[in-house]
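This report concerns only the one structure given below.
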Amino acid sequence: MALFGNLSMIILILLDTHLHTPMYFLLSQLSLMDLSFISTIVPKMASDYLSGNKSISFIGCGIQSFFFITLASAEGLILAFMAYDRYMAICFPLHYPIHMNKRVCVLMITGSWIMGSINSCAHTVYALHIPYCRSRTINHFFCDVPAMLTLACMDTWVYEYTVFVSTTLFLAFPFIGIACSYGRVLLAICRMQSTEGRKKAYSTCSTHLTVVTFYYAPFVYTYLRPRSFRSPTEDKVLAVFYTILTPMLNPIIYSLRNKEVMGALKRVILRFCYVKT
């Protein structure tokens, strides 16, 4: 479902010229990240479950951890940039073409990937270089660094502090920025005189807020708590939301609750039907 939904969204935005706007350019990147995100974890997890061979090499664990942290950090930033895009479009429509042009979008996307990769490198290198002298059984369904650290035979309080800082920078601060942006957006929507414009703005923003809630809430709740307050079972249940459900539901939420996407889908289908005849 995630593969079909996210690929369809990327192809649809690519093919339909009506969707060649900053909002959908950022949305296509979100779909690409979701597709990569779920592909980093679910195929290995599924193959282990079906084969019964629940093991992963040390290097493989490091690679999985690197891509997971990179994509999680980058997606957190992309969602914040999408909120900024809606804020500019609704609150400052006349300035929108200046503040959200193609160059700005490219900088946002490139910055998200680069910052996510740097953050991931720091965490992964640390996790691969600490000594492990306990059981090599990770109490999780993927190589989550905090779950790996419970197997370390050294005090990891310094690293736990860096996890807190990293989560604050890449998840908590963007979430606060999104909340502030949508606070201003809701005020602007209430002042709108056009009923149709108010409905369109509310539909777009409520869609984005649904995605943000599914993604940020489990992440922040998991990684901002001290290890003494966390349980492996609870961590695994919450991880299902941001590793499996969110990448699967995002394209469904954006397509079913967005008239522009549904209209683009109809145009693309009609175009291909016309070409065939």
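Using the three backbone atoms N, Cα and C, a Cβ is placed for every residue, glycine included.
Noted in TrEMBL for the protein shown:
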DOMAIN    5-254  domain 'G-protein coupled receptors family 1 profile'
TRANSMEM  7-27  transmembrane segment
TRANSMEM  56-84  transmembrane segment
TRANSMEM  104-126  transmembrane segment
TRANSMEM  164-189  transmembrane segment
TRANSMEM  201-217  transmembrane segment
TRANSMEM  237-256  transmembrane segment
Cβ under 8 Å, sequence separation of at least 6 from the ends of the transmembrane segment (237-256): give me the contacting residues as numbers and ranges.
1-2, 5-6, 8-9, 27, 30-31, 34-35, 37-38, 41-42, 68, 72, 140-142, 144, 207, 210-211, 214-215, 217-219, 221-222, 262, 265
Contacting positions for the transmembrane segment (104-126) when only residues 6+ beyond its ends and CB under 8 Å are counted:
22, 25-26, 29, 62, 65-75, 77-78, 81, 145, 159, 162-163, 166, 169-170
Which value does the mean pLDDT take for the domain 'G-protein coupled receptors family 1 profile' (5-254) in this predicted structure?
86
